[in-house]
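Peer 1: Supplied in structure tokens, the structure appears directly below.
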Amino acid sequence: MPRHLPGLLLLLWPLLLLPPPPAAPSPMARPGLRRLGTRGPGGSPGRRPAPAAPASVPYSGIGQSGGARGAGVCKSRPLDLVFIIDSSRSVRPLEFTKVKTFVSKIIDNLDIGPADTRVAVVNYASTVKIEFHLQTHSDKQSLKRAVARITPLSTGTMSGLAIQTAMDEAFTAEAGARGPSSNIPKVAIIVTDGRPQDQVNEVAARARASGVELYAVGVDRADMESLKMMASEPLDEHVFYVETYGVIEKLSSRFQETFCALDPCALGTHQCQHVCISDGEGRHHCECSQGYSLNADKKTCSAIDKCALNTHGCEHICVNDRPGSYHCECYEGYTLSEDRKKCSAQDQCALGTHGCQHICVNDRAGSHHCECYKGYTLNEDKKTCSVLNQCALGSHGCEHICVYDGNASYHCDCDTGYTLNEDKKTCSAIEEARRLISTEDACACEATLAFQDKVNSYLQRLNSKLDDILEKLQANEYGQVHR
């Protein structure tokens, strides 16, 4: 393929790069090769590509050029990233500038920093030069300025030596690489347009075995078999090819997809019923609102019945409200404390809220009972009282003697020598009563005496007549006997 294409062919070139129909594969569509414009949405380094989002979800940044990522949707994973760039004589100055632009655009799409992604560049031809180490630059601007200052080296394409140098000098703790305990991936992107002039198979295998993930980008006359020998598996995710340096910049969006950790919480693809929590690096987990627990599917939530679970903390009574909610109450005679959990005993006798008619008696904390005064009995309501014995109460009003008749009834009586007055309460002496009668009703007494004398007179005369009759009868009986 010639390096300089006519203007019309350059305009049509993106169309020529579209995937060929299955019935007529292009000679360039070799196994294990990724062509520009054919790579689907990818995952983060070392993992299978993430599935595409539903059509209704704005999949910002994925498959878009220029690295336009939706805020909060795509965040690059922390990496120890080393670019290994071919600057042999076959790479002309303008083309080398395109390579540096490609590197800068990938940097634009990364989160750069000591705790995020660190970047180093290894420049090679027949010799190898480390332009800067992983710990040299901690921000994008200084990184991009350092990339812009890189110049080509010379003839030769010692790709194996470049990979070995990256392992020995770039991916070391002294150079700023982070150790295995950090769980930070080590990634190398090698860009070349020729055939390696040394052995790359073994050195690349050692690099992969040491934990370095290798991406191979071939341009123009790059040897495809060498690219596949260098790259990590699966090859269709780690080998890229473009026909000219003029379109290599567009590969930056493909690496953006590769290094992008999608945030399902921001995308709305998490399927959490309540709350989605981003854990970083494209991971997330679901949580539930207060009063709910996560089900076994780790997505949906169920209301917690804390009253049934006995995890409510209520001292006395737990009352369920709406799903997942409850409140505490107290037994009668207690009030809820400020913590809305514990209960304090009420002195209802002291508060006057007992309802007892006569006497309130405190029992145990918060409990009481009612009693009645002497002579009263407690009714069935255990509150009010009825009179039991007014004689015992002393409220009967009898002057001398109160006689209890039962069933709350009584009558008054008097001591000996006294008689009960008409008020049925007070008593008077009998002699006094007689004196009162004789003095208060003298006329009545005289009439009575006269009547009595008259009666006596009649009785005496009647007795005399009876005596005469008896004598005659006796005489008559005697005469009959002596005849």
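Yeah, the Cβs are placed from backbone N, Cα and C, and that goes for glycine too.
Caution: TrEMBL annotation is automatic and unverified by curators.
As annotated in TrEMBL:
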COMPBIAS  46-61  compositional bias 'Low complexity'
DOMAIN    80-255  domain 'VWFA'
DOMAIN    261-302  domain 'EGF-like'
DOMAIN    303-344  domain 'EGF-like'
REGION    26-61  region 'Disordered'
SIGNAL    1-25  signal peptide
Peer 1: Mind tallying the domain 'EGF-like' (303-344) by DSSP state, helix then strand then coil?
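Peer 2: Once the DSSP states are binned, the domain 'EGF-like' (303-344) shows 4 helix, 14 strand, 24 coil.
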Peer 1: Any idea what the model's mean pLDDT is for the domain 'EGF-like' (303-344)?
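Peer 2: Taking every residue of the domain 'EGF-like' (303-344) together, the mean pLDDT is 84.
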Peer 1: When secondary structure is assigned with DSSP, how many helix, strand and coil residues does the domain 'EGF-like' (261-302) contain?
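Peer 2: Result for the domain 'EGF-like' (261-302), in helix, strand, coil order: 4 helix, 18 strand, 20 coil.
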